[in-house]
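According to Swiss-Prot, the feature active site maps to Lys13, Asp135, an assignment based on sequence analysis. Positions annotated as ATP binding site by Swiss-Prot: Pro93, Val94, Gln95, Ala96, Gly97, Leu98, Gly99, Gly100, Gly101, Ser102, Ala103.
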Amino acid sequence: MIKNQVEMFAYAKINLALAITGRRPDGYHELESVMQSIGIYDRIRVTLAEGGIQCSCGEWSGPENLAYRAAEAFLSGLGSSQGIHIDIEKNIPVQAGLGGGSADAAAALQALNKLFKEPYTEEELKSFAAQLGADVAFCLKGGTQWATGVGEELKGLPHAPKINLVLIKPDQGVNTAEAYRAFDQEGKFSHLDYAGWQEALASGRAESLIPLLYNDLEPASMKLLPEIAWVKEELMKQNGCLGALMSGSGSAVFGIVQTEEQAEKIAAIWRERNYHVWVTHTMERGNIYG
């Protein structure tokens, strides 16, 4: 019997650090980032079917969804007209800086490659990923990675220790393009300390990462949505929170917390304030098959 459906768990990411290092002639920004998989995931089911590509993801259904575009690119490369149905159970919030759309696209590529008996190598899948978006290549690989270029060039780092996290997201999101435009007005290019990150991660202690947390987009996104600054400031005051940072272009802020019990207590405070809150942790790998 031919397997006609593959299920994937598509994991979100946070940026433990993000520096904008320059801007290319085509307008894209070059960066250095320490990217990290976390335990919040979307559930993706990809099924061989009839009638072209269909992508079901609530209000994010249809051809604009990155998973749909991933399927288009995959099939086009094979010269195939096979019908594909993609069903996405969405748990990763959008416009949060957590790479939800990218995780879904990466999972769609991985699921399709399995369904079609692996016609593409890992390098070829990475090539598709680079065409789809800056974070898709990371989501194919997952874990803890040093990203450069526009985010598509990856180099492994020591696995982060298991870190307890609280994620808090305001109702309003931040548009990534708007965040970069705001950065262009006032931001300055910078670089991260690769050797410092290697050493901190290799120590196996969450506390070692705190001095290195950094995000060049944070001031820009805080200007667009000042609530982010308030969330970060309040989170830092709470018992057990070692450090906090906005992820990516926001609007989600993560707090690194000493224990899971403390993370749950902090989360309860923010739920009472009617915020979107998740208690999670770092992951050693990214997307996995269901």
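Cβ atoms here come from the backbone N, Cα and C positions, even for glycine.
Sequence features, as recorded in Swiss-Prot, placed on the structure.
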{"residue": "Lys13", "record": "active site", "contacts (Cβ under 8 Å, 6+ apart)": "Met35, Gln36, Ser37, Ile38, Leu98, Gly99, Ser102, Ala103, Asp135, Phe138, Cys139, Gly142, Ser247, Gly248, Gly286"}
{"residue": "Pro93", "record": "ATP binding site", "contacts (Cβ under 8 Å, 6+ apart)": "Gly100, Lys169, Gly173, Ala252, His276"}
{"residue": "Gln95", "record": "ATP binding site", "contacts (Cβ under 8 Å, 6+ apart)": "Gly173, Val174, Asn175, Thr176, Ser251"}
{"residue": "Gly97", "record": "ATP binding site", "contacts (Cβ under 8 Å, 6+ apart)": "Ile14, Asn15, Val174, Met246, Ser247, Gly248, Ser249, Gly250, Ser251, Ala252"}
{"residue": "Gly101", "record": "ATP binding site", "contacts (Cβ under 8 Å, 6+ apart)": "Trp60, Asn65, Leu66, Ala67, Val94, Gly133"}
Any further residue of that chain within 8 Å (Cβ to the Cβ centroid of Pro93, Val94, Gln95, Ala96, Gly97, Leu98, Gly99, Gly100, Gly101, Ser102, Ala103) of the recorded ATP site
Ala12, Ile92, Gly248
DSSP state at Lys13 (active site), helix/strand/coil
strand
